[in-house]
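Input: a single structure, listed below in C-alpha coordinates.
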Amino acid sequence: MLERCKESCGLCGDSPAIGADGTGSLDPRAIGNVVLNSGHAMPLVGFGTAGLGDMTATATKWALQAGYRLVDTAQAPEWYREDLVGEAIRAFLASGGATREELFITSKLHPRDHGAERAKAMLESSLTNLGVDYLDLFLLHYPACWGTLCGGVEPQGTWRDSWRALEELQRAGKVRSIGVSNFDVNELRELAEWARVEPAVVQRNSDIFSADKEARQLCESKRWQYEAYSSLGSQWLMRGHRENPVLTHADVKRIARKKGKSPAQVVLRWAIQHGQIVIPRSSNRARIAENLDVAGWTLGDDDMFALDALDGHPPFVQ
Ligand SMILES: NC(=O)c1ccc[n+]([C@@H]2O[C@H](COP(=O)([O-])OP(=O)(O)OC[C@H]3O[C@@H](n4cnc5c(N)ncnc54)[C@H](OP(=O)(O)O)[C@@H]3O)[C@@H](O)[C@H]2O)c1
(Lines of atoms letter the chains of each structure in order from A and count residues from 1; the text may use other names and numbers.)
(Lines give C-alpha, C1' and ligand atoms only; values in the text may rest on other atoms or scores of the structure.)
Protein backbone atom coordinates (compact mmCIF):
# COMPACT_ATOMS: atom_id res chain seq x y z
CA MET A 1 0.00 0.00 0.00
CA LEU A 2 2.81 2.34 0.94
CA GLU A 3 4.86 1.24 -2.07
CA ARG A 4 1.89 1.93 -4.34
CA CYS A 5 1.51 5.34 -2.79
CA LYS A 6 5.19 6.17 -3.11
CA GLU A 7 5.19 5.20 -6.76
CA SER A 8 1.97 6.79 -7.84
CA CYS A 9 2.13 9.88 -5.70
CA GLY A 10 5.83 10.61 -6.00
CA LEU A 11 6.16 11.46 -2.32
CA CYS A 12 9.52 13.00 -1.72
CA GLY A 13 11.00 16.22 -0.42
CA ASP A 14 13.30 17.56 2.20
CA SER A 15 12.52 19.31 5.42
CA PRO A 16 10.41 22.37 5.14
CA ALA A 17 11.55 25.94 5.04
CA ILE A 18 8.75 26.89 7.41
CA GLY A 19 9.12 28.77 10.68
CA ALA A 20 7.43 27.81 13.96
CA ASP A 21 4.90 30.60 13.33
CA GLY A 22 3.95 29.09 9.97
CA THR A 23 5.68 31.71 7.83
CA GLY A 24 7.87 30.57 4.96
CA SER A 25 6.89 27.94 2.45
CA LEU A 26 7.26 24.35 1.33
CA ASP A 27 8.09 23.57 -2.27
CA PRO A 28 4.68 22.53 -3.67
CA ARG A 29 6.47 19.92 -5.84
CA ALA A 30 7.58 18.07 -2.70
CA ILE A 31 3.96 17.48 -1.68
CA GLY A 32 3.17 15.16 -4.59
CA ASN A 33 0.27 14.73 -7.00
CA VAL A 34 -1.98 11.99 -8.25
CA VAL A 35 -3.01 11.81 -11.88
CA LEU A 36 -6.79 11.53 -12.09
CA ASN A 37 -8.71 9.45 -14.64
CA SER A 38 -9.40 12.77 -16.41
CA GLY A 39 -5.65 13.04 -17.08
CA HIS A 40 -5.19 16.03 -14.77
CA ALA A 41 -2.85 16.09 -11.77
CA MET A 42 -4.29 16.81 -8.32
CA PRO A 43 -2.16 17.61 -5.22
CA LEU A 44 -2.21 15.06 -2.42
CA VAL A 45 -2.76 17.69 0.25
CA GLY A 46 -5.13 20.61 -0.03
CA PHE A 47 -6.56 23.34 2.14
CA GLY A 48 -10.13 22.91 3.43
CA THR A 49 -12.07 26.14 3.86
CA ALA A 50 -15.35 25.11 5.55
CA GLY A 51 -16.29 26.91 8.74
CA LEU A 52 -13.61 29.61 8.51
CA GLY A 53 -16.17 32.43 8.23
CA ASP A 54 -14.61 35.90 8.07
CA MET A 55 -11.16 34.30 8.47
CA THR A 56 -11.51 32.57 5.10
CA ALA A 57 -9.50 35.02 2.99
CA THR A 58 -6.68 35.38 5.52
CA ALA A 59 -6.38 31.65 6.21
CA THR A 60 -6.49 30.80 2.49
CA LYS A 61 -3.79 33.41 1.84
CA TRP A 62 -1.61 31.81 4.54
CA ALA A 63 -2.22 28.39 3.02
CA LEU A 64 -1.24 29.52 -0.47
CA GLN A 65 1.85 31.24 0.91
CA ALA A 66 2.81 28.07 2.79
CA GLY A 67 2.76 26.08 -0.47
CA TYR A 68 -0.78 24.62 -0.72
CA ARG A 69 -1.91 24.53 -4.34
CA LEU A 70 -5.23 22.69 -3.87
CA VAL A 71 -8.06 24.71 -2.29
CA ASP A 72 -11.42 23.11 -1.46
CA THR A 73 -14.51 25.31 -1.30
CA ALA A 74 -18.23 25.02 -2.12
CA GLN A 75 -21.24 27.12 -3.02
CA ALA A 76 -23.05 26.32 0.24
CA PRO A 77 -23.13 29.55 2.28
CA GLU A 78 -24.06 27.45 5.34
CA TRP A 79 -20.39 26.43 5.64
CA TYR A 80 -18.25 28.20 3.06
CA ARG A 81 -17.28 31.67 1.89
CA GLU A 82 -16.46 30.98 -1.75
CA ASP A 83 -16.19 34.74 -2.37
CA LEU A 84 -13.45 35.10 0.27
CA VAL A 85 -11.58 32.10 -1.13
CA GLY A 86 -11.75 33.97 -4.45
CA GLU A 87 -10.38 37.12 -2.80
CA ALA A 88 -7.32 35.19 -1.56
CA ILE A 89 -6.80 33.45 -4.91
CA ARG A 90 -7.05 36.70 -6.89
CA ALA A 91 -4.50 38.38 -4.60
CA PHE A 92 -2.11 35.42 -4.74
CA LEU A 93 -2.25 35.21 -8.53
CA ALA A 94 -1.82 39.01 -8.81
CA SER A 95 1.23 38.89 -6.53
CA GLY A 96 2.87 36.31 -8.82
CA GLY A 97 2.77 33.63 -6.11
CA ALA A 98 1.61 31.04 -8.64
CA THR A 99 0.06 30.82 -12.07
CA ARG A 100 -3.55 29.73 -12.52
CA GLU A 101 -2.29 26.46 -14.04
CA GLU A 102 -0.39 25.70 -10.83
CA LEU A 103 -3.51 25.96 -8.66
CA PHE A 104 -6.15 23.27 -8.26
CA ILE A 105 -9.49 24.78 -7.29
CA THR A 106 -12.48 22.69 -6.22
CA SER A 107 -16.04 23.87 -5.69
CA LYS A 108 -19.31 22.01 -5.15
CA LEU A 109 -22.87 22.39 -6.38
CA HIS A 110 -25.43 22.90 -3.59
CA PRO A 111 -28.18 20.22 -3.69
CA ARG A 112 -30.86 22.91 -3.90
CA ASP A 113 -29.43 23.72 -7.34
CA HIS A 114 -29.79 20.25 -8.83
CA GLY A 115 -31.04 20.34 -12.40
CA ALA A 116 -29.26 20.65 -15.76
CA GLU A 117 -29.69 24.35 -16.46
CA ARG A 118 -29.39 25.43 -12.84
CA ALA A 119 -26.13 23.48 -12.39
CA LYS A 120 -24.61 25.21 -15.40
CA ALA A 121 -25.70 28.65 -14.14
CA MET A 122 -24.26 27.91 -10.70
CA LEU A 123 -20.92 26.94 -12.20
CA GLU A 124 -20.78 30.44 -13.70
CA SER A 125 -21.46 31.90 -10.26
CA SER A 126 -18.50 29.95 -8.80
CA LEU A 127 -16.23 31.16 -11.60
CA THR A 128 -17.26 34.74 -10.83
CA ASN A 129 -16.80 34.31 -7.07
CA LEU A 130 -13.40 32.73 -7.53
CA GLY A 131 -12.20 35.06 -10.31
CA VAL A 132 -11.19 32.23 -12.64
CA ASP A 133 -12.37 30.98 -16.02
CA TYR A 134 -12.40 27.27 -15.23
CA LEU A 135 -12.59 25.02 -12.16
CA ASP A 136 -10.19 22.13 -11.70
CA LEU A 137 -12.85 20.06 -9.99
CA PHE A 138 -16.61 20.52 -9.67
CA LEU A 139 -18.39 18.14 -7.28
CA LEU A 140 -22.04 17.46 -6.58
CA HIS A 141 -22.01 18.32 -2.87
CA TYR A 142 -24.87 15.96 -1.93
CA PRO A 143 -27.08 13.65 -3.96
CA ALA A 144 -30.18 15.39 -2.58
CA CYS A 145 -31.45 17.92 -0.04
CA TRP A 146 -31.64 16.74 3.57
CA GLY A 147 -33.00 18.30 6.75
CA THR A 148 -33.51 22.03 6.30
CA LEU A 149 -30.48 22.42 4.00
CA CYS A 150 -32.50 23.54 0.99
CA GLY A 151 -34.80 25.82 3.00
CA GLY A 152 -37.97 24.43 1.41
CA VAL A 153 -36.68 25.09 -2.12
CA GLU A 154 -37.67 22.33 -4.53
CA PRO A 155 -34.68 21.60 -6.81
CA GLN A 156 -35.38 21.81 -10.55
CA GLY A 157 -33.94 18.33 -11.11
CA THR A 158 -32.09 15.41 -9.55
CA TRP A 159 -28.41 14.62 -9.19
CA ARG A 160 -28.67 12.70 -12.46
CA ASP A 161 -29.67 15.89 -14.33
CA SER A 162 -26.82 17.76 -12.63
CA TRP A 163 -24.35 15.01 -13.54
CA ARG A 164 -25.23 15.36 -17.25
CA ALA A 165 -24.62 19.11 -16.88
CA LEU A 166 -21.21 18.46 -15.30
CA GLU A 167 -20.32 16.15 -18.19
CA GLU A 168 -21.20 18.96 -20.62
CA LEU A 169 -19.28 21.53 -18.61
CA GLN A 170 -16.24 19.30 -18.72
CA ARG A 171 -16.55 18.87 -22.50
CA ALA A 172 -16.82 22.66 -22.83
CA GLY A 173 -13.60 23.14 -20.83
CA LYS A 174 -15.31 25.00 -17.97
CA VAL A 175 -14.30 22.29 -15.50
CA ARG A 176 -11.36 19.94 -15.87
CA SER A 177 -12.55 17.10 -13.68
CA ILE A 178 -15.91 16.20 -12.17
CA GLY A 179 -16.95 14.17 -9.17
CA VAL A 180 -19.34 13.68 -6.27
CA SER A 181 -19.37 14.12 -2.53
CA ASN A 182 -21.42 12.35 0.15
CA PHE A 183 -22.77 9.77 -2.31
CA ASP A 184 -23.23 6.45 -0.53
CA VAL A 185 -22.03 3.16 -1.99
CA ASN A 186 -25.37 2.40 -3.66
CA GLU A 187 -25.50 5.85 -5.23
CA LEU A 188 -21.89 5.46 -6.39
CA ARG A 189 -22.77 2.14 -8.03
CA GLU A 190 -25.75 3.72 -9.74
CA LEU A 191 -23.56 6.56 -10.95
CA ALA A 192 -21.05 4.04 -12.32
CA GLU A 193 -23.75 2.40 -14.46
CA TRP A 194 -25.29 5.62 -15.56
CA ALA A 195 -22.43 8.07 -16.17
CA ARG A 196 -21.04 8.77 -19.64
CA VAL A 197 -18.05 10.37 -17.93
CA GLU A 198 -17.08 8.55 -14.75
CA PRO A 199 -16.24 10.62 -11.67
CA ALA A 200 -12.58 11.53 -11.27
CA VAL A 201 -12.92 12.19 -7.53
CA VAL A 202 -15.21 11.01 -4.73
CA GLN A 203 -15.12 13.14 -1.59
CA ARG A 204 -16.38 11.54 1.61
CA ASN A 205 -15.78 11.60 5.34
CA SER A 206 -12.99 9.32 6.53
CA ASP A 207 -10.83 9.25 9.64
CA ILE A 208 -9.12 6.62 11.78
CA PHE A 209 -12.37 5.63 13.57
CA SER A 210 -14.51 5.73 10.47
CA ALA A 211 -12.21 4.62 7.67
CA ASP A 212 -14.92 4.19 5.00
CA LYS A 213 -13.33 1.03 3.62
CA GLU A 214 -16.18 -0.12 1.36
CA ALA A 215 -16.42 3.18 -0.51
CA ARG A 216 -12.63 3.42 -0.70
CA GLN A 217 -12.37 -0.07 -2.19
CA LEU A 218 -15.07 0.73 -4.72
CA CYS A 219 -13.21 3.90 -5.73
CA GLU A 220 -9.94 2.05 -6.05
CA SER A 221 -11.52 -0.63 -8.24
CA LYS A 222 -12.96 2.05 -10.55
CA ARG A 223 -9.89 4.33 -10.57
CA TRP A 224 -11.89 7.11 -8.93
CA GLN A 225 -9.64 9.11 -6.62
CA TYR A 226 -10.88 9.06 -3.02
CA GLU A 227 -10.64 12.43 -1.24
CA ALA A 228 -11.21 12.44 2.52
CA TYR A 229 -12.83 15.27 4.40
CA SER A 230 -12.56 15.88 8.16
CA SER A 231 -9.50 13.59 8.40
CA LEU A 232 -8.58 15.43 11.61
CA GLY A 233 -11.76 14.21 13.24
CA SER A 234 -13.92 17.32 13.40
CA GLN A 235 -17.06 15.34 12.49
CA TRP A 236 -16.91 13.67 15.94
CA LEU A 237 -17.48 17.03 17.62
CA MET A 238 -20.80 17.17 15.79
CA ARG A 239 -21.62 13.68 17.08
CA GLY A 240 -21.48 14.77 20.70
CA HIS A 241 -17.79 14.43 21.60
CA ARG A 242 -16.52 17.27 23.75
CA GLU A 243 -12.94 16.91 22.58
CA ASN A 244 -11.62 15.63 19.27
CA PRO A 245 -11.11 11.87 19.78
CA VAL A 246 -8.89 11.53 16.70
CA LEU A 247 -6.18 13.99 17.72
CA THR A 248 -6.25 12.92 21.38
CA HIS A 249 -6.21 9.12 20.98
CA ALA A 250 -3.37 7.44 22.92
CA ASP A 251 -2.10 5.48 19.89
CA VAL A 252 -2.03 8.59 17.71
CA LYS A 253 -0.14 10.50 20.42
CA ARG A 254 2.28 7.60 20.95
CA ILE A 255 3.09 7.34 17.23
CA ALA A 256 3.42 11.12 17.00
CA ARG A 257 5.96 11.16 19.86
CA LYS A 258 7.90 8.29 18.31
CA LYS A 259 8.05 9.95 14.89
CA GLY A 260 8.66 13.48 16.17
CA LYS A 261 5.47 14.63 14.41
CA SER A 262 2.16 16.08 15.59
CA PRO A 263 -1.02 13.95 15.98
CA ALA A 264 -2.53 15.82 13.02
CA GLN A 265 0.46 14.97 10.83
CA VAL A 266 0.21 11.30 11.85
CA VAL A 267 -3.45 10.91 10.88
CA LEU A 268 -2.98 12.85 7.64
CA ARG A 269 -0.01 10.64 6.79
CA TRP A 270 -2.09 7.52 7.57
CA ALA A 271 -4.77 8.70 5.12
CA ILE A 272 -2.23 9.53 2.40
CA GLN A 273 -0.59 6.12 2.73
CA HIS A 274 -4.06 4.64 2.14
CA GLY A 275 -4.17 6.53 -1.16
CA GLN A 276 -6.46 9.34 0.04
CA ILE A 277 -6.16 13.01 -0.87
CA VAL A 278 -6.57 15.10 2.30
CA ILE A 279 -7.85 18.66 2.75
CA PRO A 280 -7.26 19.68 6.40
CA ARG A 281 -8.63 23.03 7.54
CA SER A 282 -7.10 25.36 10.09
CA SER A 283 -7.46 29.01 11.05
CA ASN A 284 -4.00 29.02 12.65
CA ARG A 285 -0.99 29.89 10.50
CA ALA A 286 1.43 27.49 12.20
CA ARG A 287 -1.05 24.59 12.04
CA ILE A 288 -1.82 25.36 8.37
CA ALA A 289 1.89 24.93 7.62
CA GLU A 290 2.20 21.88 9.88
CA ASN A 291 -0.62 20.07 8.06
CA LEU A 292 1.16 20.46 4.73
CA ASP A 293 4.39 18.98 6.04
CA VAL A 294 3.36 15.36 5.56
CA ALA A 295 5.66 14.30 2.73
CA GLY A 296 9.25 13.03 2.91
CA TRP A 297 8.57 10.66 5.83
CA THR A 298 6.46 7.56 6.26
CA LEU A 299 4.58 5.51 8.84
CA GLY A 300 5.81 1.92 9.07
CA ASP A 301 3.53 -1.11 8.78
CA ASP A 302 3.29 -1.46 12.58
CA ASP A 303 1.98 2.10 12.95
CA MET A 304 -0.38 1.69 9.99
CA PHE A 305 -1.79 -1.53 11.49
CA ALA A 306 -2.24 0.10 14.90
CA LEU A 307 -4.22 2.96 13.34
CA ASP A 308 -6.17 0.60 11.03
CA ALA A 309 -7.29 -1.33 14.12
CA LEU A 310 -9.16 1.76 15.40
CA ASP A 311 -11.65 1.67 12.52
CA GLY A 312 -15.14 1.15 13.94
CA HIS A 313 -14.00 1.77 17.52
CA PRO A 314 -14.58 5.43 18.36
CA PRO A 315 -14.34 6.22 22.08
CA PHE A 316 -17.64 6.43 23.93
CA VAL A 317 -19.13 9.91 24.14
CA GLN A 318 -18.42 11.16 27.68
N1 LIG B 1 -18.00 17.47 1.14
C2 LIG B 1 -18.45 17.73 2.36
O3 LIG B 1 -19.64 17.56 2.68
C4 LIG B 1 -17.49 18.23 3.40
C5 LIG B 1 -17.85 18.17 4.75
C6 LIG B 1 -16.93 18.63 5.70
C7 LIG B 1 -15.71 19.13 5.29
N8 LIG B 1 -15.38 19.21 3.95
C9 LIG B 1 -14.08 19.78 3.49
O10 LIG B 1 -13.02 19.17 4.24
C11 LIG B 1 -12.28 20.17 4.91
C12 LIG B 1 -11.70 19.63 6.22
O13 LIG B 1 -12.68 19.15 7.09
P14 LIG B 1 -13.20 19.96 8.38
O15 LIG B 1 -13.18 21.40 8.09
O16 LIG B 1 -14.47 19.33 8.78
O17 LIG B 1 -12.21 19.68 9.53
P18 LIG B 1 -10.79 18.99 9.81
O19 LIG B 1 -9.79 19.39 8.81
O20 LIG B 1 -11.01 17.56 10.09
O21 LIG B 1 -10.46 19.66 11.23
C22 LIG B 1 -10.43 21.02 11.42
C23 LIG B 1 -10.25 21.26 12.91
O24 LIG B 1 -8.99 20.76 13.34
C25 LIG B 1 -8.22 21.78 13.97
N26 LIG B 1 -6.84 21.61 13.49
C27 LIG B 1 -6.37 21.83 12.25
N28 LIG B 1 -5.08 21.51 12.17
C29 LIG B 1 -4.70 21.11 13.40
C30 LIG B 1 -3.48 20.66 13.94
N31 LIG B 1 -2.39 20.56 13.20
N32 LIG B 1 -3.45 20.32 15.27
C33 LIG B 1 -4.57 20.41 16.04
N34 LIG B 1 -5.76 20.82 15.56
C35 LIG B 1 -5.83 21.17 14.26
C36 LIG B 1 -8.82 23.08 13.50
O37 LIG B 1 -8.69 24.06 14.51
P38 LIG B 1 -7.85 25.42 14.26
O39 LIG B 1 -8.57 26.18 13.21
O40 LIG B 1 -7.86 26.07 15.59
O41 LIG B 1 -6.47 24.99 13.83
C42 LIG B 1 -10.29 22.71 13.30
O43 LIG B 1 -10.98 22.79 14.53
C44 LIG B 1 -13.31 21.28 5.09
O45 LIG B 1 -12.74 22.49 5.47
C46 LIG B 1 -13.98 21.26 3.74
O47 LIG B 1 -13.19 21.92 2.76
C48 LIG B 1 -16.26 18.74 3.01
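Every residue, even glycine, has its Cβ placed from backbone N, Cα and C.
Listed in TrEMBL:
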{"type": "ACT_SITE", "residues": "Tyr80", "note": "active site, proton donor"}
{"type": "BINDING", "residues": "His141", "note": "substrate binding site"}
{"type": "DOMAIN", "residues": "46-310", "note": "domain 'NADP-dependent oxidoreductase'"}
{"type": "SITE", "residues": "Lys108", "note": "site 'Lowers pKa of active site Tyr'"}
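Each of the recorded positions Lys108, His141 was assessed for Cβ neighbours inside 10 Å, and the highest tally belongs to Lys108. The Cβ of the residue listed as 'active site, proton donor' has Thr49, Ala50, Thr56, Thr73, Ala74 as same-chain neighbours under 8 Å, each 6 or more residues away in sequence.
Taking the domain 'NADP-dependent oxidoreductase' (46-310) as a whole, pLDDT averages 97 in the prediction. With respect to their backbone Cα atoms, Lys108 (site 'Lowers pKa of active site Tyr') and His141 (substrate binding site) stand 5 Å from each other.
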